[in-house]
Amino acid sequence: MAEEAAVRAQAEAVRRLKQDKADPDEIAKEVAKLLEMKAQLGEDEGKQKFVLKTPKGTRDYGPKQMAIRERAFSAIISCFKRHGAEVIDTPVFELKETLMGKYGEDSKLIYDLKDQGGELLSLRYDLTVPFARYLAMNKITNIKRYHIAKVYRRDNPAMTRGRYREFYQCDFDIAGQFDPMIPDAECLKIVHEILSDLQLGDFVIKVNDRRILDGMFAVCGVPDSKFRTICSSVDKLDKVPWEEVRSEMVGEKGLSPEAADRIGEYVQLHGGLDLIERLLQDPALSQNKLAKEGLGDMKLLFEYLTLFGITGKISFDLSLARGLDYYTGVIFEAVLLHQENEHVEEPVSVGSVAGGGRYDGLVGMFDPKGRKVPCVGVSIGIERIFSILEQRLEASEEKIRTTETQVLVASAQKKLLEERLKLISELWDAGIKAEMLYKKNPKLLNQLQYCEDTGIPLVAIVGEQELKDGVIKLRIVATREEVNVRRESLVEEIRIRTNQC
């Protein structure tokens with residue numbers, strides 16, 4: 001048939017495009033045409049085969065993974081709330097023009113959506129730009145907020161290291177005009193609290209300032225037009241050696257070898273207050289207005305961090321650049337240090353687990369009158385943290401509970417389904433987390449085994465004798481101890497026992 005021949009021809013055209021590594025958009029267009037022709041022909045009707053996989057750079061999370069994830073979220077949210085943050089949410093996609101030009105060279109990783117209704121849209125790349133748009137749109141000049149939501153990046157995923165195309169970010173930001181470095185110090189304290197609470201191992205929080213970087217570039221002889229592109233090269237220093245970064249600056253980005261060598265002398269420095277004092281005396285840097293401002297604020301920041309008692313985990317590091325265009329002042333990044341784990345043969349390496357900084361100009365980009373709202377914030381890399389927690393728990397073989405059920409309502413004899421249903425309803429109405437097996441006459445042994453398998457700590461057993469006596473037999477699964485409890489006291493007894501388990 002002519003239709004079948006056309007489908008075969010179209011399939012061959014798609015195969016050739018893939019073979020020739022043609023433009024992905026062109027391939028997608030031809031594949032869509034092929035699927036449409038097949039649908040019209042109906043040749044796959046009744047026997048269509050689906051490829052059962054998640055899209056590249058994404059994953060499913062089963063009950064065990066979600067239980068681990070919820071533990072981490074709980075620690076992070078409680079920290080954000082402890083510091084007085086309110087919660088907001090924004091749409092998963094924004095107008096494309098809202099996102100473009102805010103991320104420097106990373107803008108190419110933004111996911112564009114096909115036009116569906118007259119607006120050019122893109123999936124959000126982070127939670128910071130939508131937050132700035134929200135502030136400008138609602139004329140908000142003062143807020144402390146947190147936002148936990150999914151973001152999307154058309155990146156090359158590295159799933160084993162917690163690097164995905166769809167992932168959660170946990171953001172905390174302080175917006176408003178305040179005295180220098182007080183909100184910035186609180187953001188660093190929050191990172192310290194969260195990483196300590198999650199017990200991920202030893203870590204260091206690197207700090208720098210974009211003004212120090214820009215001043216350093218200026219005194220090293222980098223042209224103004226190359227500041228941002230050279231900044232993105234310096235940002236790679238945590239992944240590749242200085243020689244490779246220098247080669248990129250000179251060979252690919254046209255920087256003079258002399259300027260690159262001068263940068264090299266600075267970006268390999270790291271320390272604390274002593275280094276700040278030394279750089280304030282540096283003949284070149286001290287003459288640069290931007291660098292001097294940045295170093296003055298950095299000194300103040302370290303004084304506040306000393307009062308918080310966390311300088312042991314903070315390193316002033318001149319190689320820290322953070323490639324995003326919107327940072328204007330202090331920048332920071334938390335990195336887990338190489339750790340040997342007694343349960344894991346291979347040490348877990350996941351890169352940075354939190355980052356952030358000051359972005360005083362971003363809100364003004366959206367405000368019609370260009371009114372600025374100073375902001376500083378931090379983003380916790382939950383996916384990378386989750387990768388470590390997941391691998392650690394798998395290696396330790398710790399049993400993970402995937403439900404919060406407090407009690408299983410069980411029966412000791414047959415024909416007690418109605419009594420079980422009445423009792424479980426009473427427990428649910430009292431706010432007790434309860435389950436029962438969905439069989440009319442389950443064996444008591446099977447019911448007890450279900451509690452062992454799922455970690456349910458208590459069993460409320462309904463029996464003929466107990467019904468006559470007006471009591472319920474409460475069994476503690478861990479010790480196998482059994483006590484008779486008056487029915488009217490059962491809810492209180494379960495609450496007391498659950499707190500002890």
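The backbone N, Cα and C atoms fix where each Cβ goes, glycine too.
Taken from TrEMBL, the feature L-histidine binding site applies to Asp126, Leu127, Thr128, Arg153, Gln169, Asp173, Arg322, Tyr326, Tyr327. Per TrEMBL, the feature domain 'WHEP-TRS' maps to 1-55. The domain 'Aminoacyl-transfer RNA synthetases class-II family profile' annotation in TrEMBL covers 57-389.
Look at the Cβ of each of the binding-site residues Thr128, Gln169 and count the other Cβ atoms within 10 Å; the largest number goes with Thr128. Listed in sequence order, Arg210, Gly357, Arg358, Tyr359 are the same-chain residues at least 6 apart in sequence whose CB falls under 8 Å from the CB of Tyr327 (L-histidine binding site). Sorting each residue of the domain 'WHEP-TRS' (1-55) by its DSSP state yields 36 helix, 0 strand, 19 coil. Per-site Cβ counts within 10 Å over the binding-site residues Asp126, Arg322 peak at Arg322.
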